[in-house]
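J.: Pulled the feature table from Swiss-Prot, pasting it below:
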- 126-156: compositional bias 'Low complexity' (COMPBIAS)
- Cys33-Cys75: disulfide bond (DISULFID)
- Cys44-Cys59: disulfide bond (DISULFID)
- Cys60-Cys100: disulfide bond (DISULFID)
- Cys73-Cys109: disulfide bond (DISULFID)
- Asn89: N-linked glycosylation site (CARBOHYD)
- Ser179: GPI-anchor amidated serine (LIPID)
- 116-182: region 'Disordered' (REGION)
- 1-27: signal peptide (SIGNAL)
Amino acid sequence: MNSNSFLISAALIFSLLSSNSPTSILAQINTPCSPSMLSSVTGCTSFLTGGGSFPTSDCCGALKSLTGTGMDCLCLIVTAGVPISIPINRTLAISLPRACGIPGVPVQCKASAAPLPTPGPASFGPTTSPTDSQTSDPEGSASFRPPTSPTTSQTPNDKDLSGSGNGGDPMGFAPPPPSSSPSSSHSLKLSYLLFAFAFTIIKFI
């Protein structure tokens, strides 16, 4: 372990043990990581802060032990959620299990996390049904009615009826007036008879 990682480890241990009661600190921050768990992963601080390219064997051994005894604490470590004052690189923390040959840890941490509630559909106010909109606006519904065509009267004209009743043509054509030639010839014959009768009377007188 080089001097840089030693100083970081010492700072981590000092921050955990600076209080008179480490248990009271854990109760206040409400974390599943106990002081012994955090002290066991002090060898990972160099890798988590970008001070080393690969995690040490002590770091990987501590991670493997946490997979069986403190999975919740391990999930906090790989997600950079440990409540300590050391600046942990989140990308390096997520890649730490794979670098130690434990690639399934991030998947197990996602499976153990509580699912977020599914958001419900957004409400934009009460929706009105088509029936309500039609009943509330009778004039608007009337505007969509088809225009009614005027009904044509099927009753024949009064003039046509009067013409057909007088013997005329039902289509309204009046019959031609009777010819006056028969009556004139009849009156002419009657005049001749009267003249002959008058002549006969005068002859006998």
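Positions of Cβ are set from backbone N, Cα and C atoms, glycine also.
Could you place these features in context, so I can see how deep they sit and what lies close by?
T.: In the three-state DSSP assignment, the secondary structure recorded for Cys33 (disulfide bond) is coil.
The Cβ of Cys59 (disulfide bond) lies under 8 Å from the Cβ of Val41, Gly43, Cys44, Phe47, Leu96, Cys100, each of these being in the same chain and 6 or more residues away along the sequence.
Look at Cys73 (disulfide bond): DSSP puts it in a helix.
Cβ-based neighbour count (10 Å, all protein chains) for Asn89 (N-linked glycosylation site) stands at 14.
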J.: Can you name the recorded positions among Cys33, Cys60, Asn89 whose CA is within 10 A of the CA of Cys73 (disulfide bond)?
T.: Cys33
J.: When a 10 Å sphere is centred on the Cβ of Cys100 (disulfide bond), how many other Cβ atoms does it contain?
T.: 21
